[in-house]
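Pulled from TrEMBL:
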- 78-283: domain 'DUF7651' (DOMAIN)
- 312-379: domain 'Polycomb protein SUZ12-like zinc finger' (DOMAIN)
- 425-444: region 'Disordered' (REGION)
- 458-486: region 'Disordered' (REGION)
- 488-609: domain 'Polycomb protein VEFS-Box' (DOMAIN)
Amino acid sequence: MPGLPLPQPLPQTTGCEYACPGPASHIFRQRPRTGLSPDEKLAAEKDLAQYCKPVELYNIIQRRAIKNPPFMQRCLLYNILARREKRIQITISLSGRTNTELQAQNIFPLYVMLARPTGNVSLEGHSPIYRFSRVCLLTSFSEFGNKDNSEATFIIPDVKNLSTSPSCNLDIILISCGQVGQSTGEDYCSGNHVESSSLQKLEGKCSWGKIPTNLLASSLENCVTLSLGTIVELASKVTMRPSFLEAKFLEQDSCLTFCSHKVDATGSYQLQLCMSAQEAGARDMSLSPYNNYTYNDLPPSSLSDIIRLRAGNVIFNYKYYYNTMHETEVTEDFSCPFCYVRCGSFKGLGCHLNSSHDLFRYEFWISEEYQVVNVGLKADTWRTEFLAEGVDPRQQTFSYRSRFKKRRRSKTTSEKIRHVHSHIMESGSPEDAQAGSEEDYVQGENGTSVANASIDPAQSLHGRNLSPPTVLQFGKTRKLSERADPRNRQLLQKRQFFHSHRAQPMALEQVFSDRDSEDEVDDDIADFEDRRMLDDFVDVTKDEKVIMHMWNSFVRKQRVLADGHIPWACEAFSQFHGQQLVQNPALLWGWRFFMIKLWNHSLLDARTMNTCNTILQDFQEKK
């Protein structure tokens, strides 16, 4: 397609930078091909062909990304921001000039909220149950009050989603309590925002009406200037019907409903609302020169088509042959020309190109008429690989050398024996049985073995080993009394030490022993603390406390830490406490209810529950 004029060359921008053009006279056109010699034409074609390798690589990556995408496009920040800027900001107010038949005390206070019906099924004489998140309070007409008291502002999805997506089924609910003399709830207001807890006081007679947002979508679709950031004024009539507000749903999930059976059906009236709609990102749109284009000279009949064609159009100029020639391509909806990803905005397109297609160099340029990206090849990206004639590069030997890692010099057996000393225990001690079961060899750090026979054999008398067993220990396990000097020992004797968990005083022998008590867990103390904690519950029966204590003690002693341990722990608990459970039916039912709780939380499967019940049934049969 024919090339478009390029702007005056600007300083190269390798990042996501944007530049505005200079005067219109400072532009240059590409060099005409008709003035090139045959050699120059051939050189230009070869230069343009250098785009083929990167594009072919990106095509391969794109085909692989169809089944295994590297990231989700909707999760990218620039796509999220672009969607937020397309949302519609609705402002609702009441004018005294259009509501002359109604008095202010009969309308205000007026609560306005954006709500979603929870289901299509409703009780007879009741409206659907509406779930809301934010409530605005209007206390005066727009002519007599400030914006905080006379306007309610909400953000709704964009026009396209309002008309097509079923999840955008929203209604604007208006609740008037003026005729019944309800309080305005100003104590629960922050500006014109009302806390949902204050609506519980509004239970009773009221008048309410609604505006479906899909009706707004049909009106906004015909406003072609909405996408240009202009404010669209709308007028809507709402029929306010007397009803009874039921606040019993307010305590759960901020829901409410209206009942028409409890009040007189007469007394309906109409409110004339003033509504204005504008895109949420209209303020940022004015910062771009491309959005400041004037459509005054265009006929109204073709205005919508021109706006649609201009929205998201980006011109890509692929420069080659010393930047004197270029080929041009146009994409829509801010789409990438290499992978056809829609980036939502011109800034998002720049982020995408610099991060996902960094084999090219980009220059971004914006004017009132064009959004242009100048694309160029990086000189050092593709280098020619020279191979001998007739050699297949896939058959070439690939050599790889990793960084040399220094190996730690392992100690010899003789060096390790120097750190070994004998520790003779008294006969009849509890360690005697354990020492007797030791192997004849002590395993070293690098797999070598040190024989116990290397210790002085003079400990044996007349060929019979009458001395106590000998166990090899390393110097790190020496007692505190052996490695402490007398002065430090005296200082330790003057202080009183306590156990970390039991808070009981320690004897001097325990202080100087080689046993560390920091990680100790005293089961008796832990059981006592667990019982004391369970005794504080007043809404739990005695048998339920017993089964809870049995389970807590079991999982603590068996170190049940992860969710995956729960099935094994339930089977082991049924096997360990089965006899006690079958003797007390209350405990047995408490254990079964506890397993049902675990099943509800997806921590226990049905097969494991059946296995536990089978184990308990076996105990009952043996009983």
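Including glycine, each Cβ sits where the backbone N, Cα and C put it.
Since the structure is predicted, the reported quantities are computational estimates derived from the model, not experimental observations.
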Model confidence over the domain 'DUF7651' (78-283) (mean pLDDT, whole number):
80
List the helix, strand and coil residue totals of the domain 'Polycomb protein VEFS-Box' (488-609) as derived from DSSP.
80 helix, 2 strand, 40 coil
Would you mind splitting the domain 'Polycomb protein SUZ12-like zinc finger' (312-379) into helix, strand and coil residue counts from DSSP?
11 helix, 30 strand, 27 coil
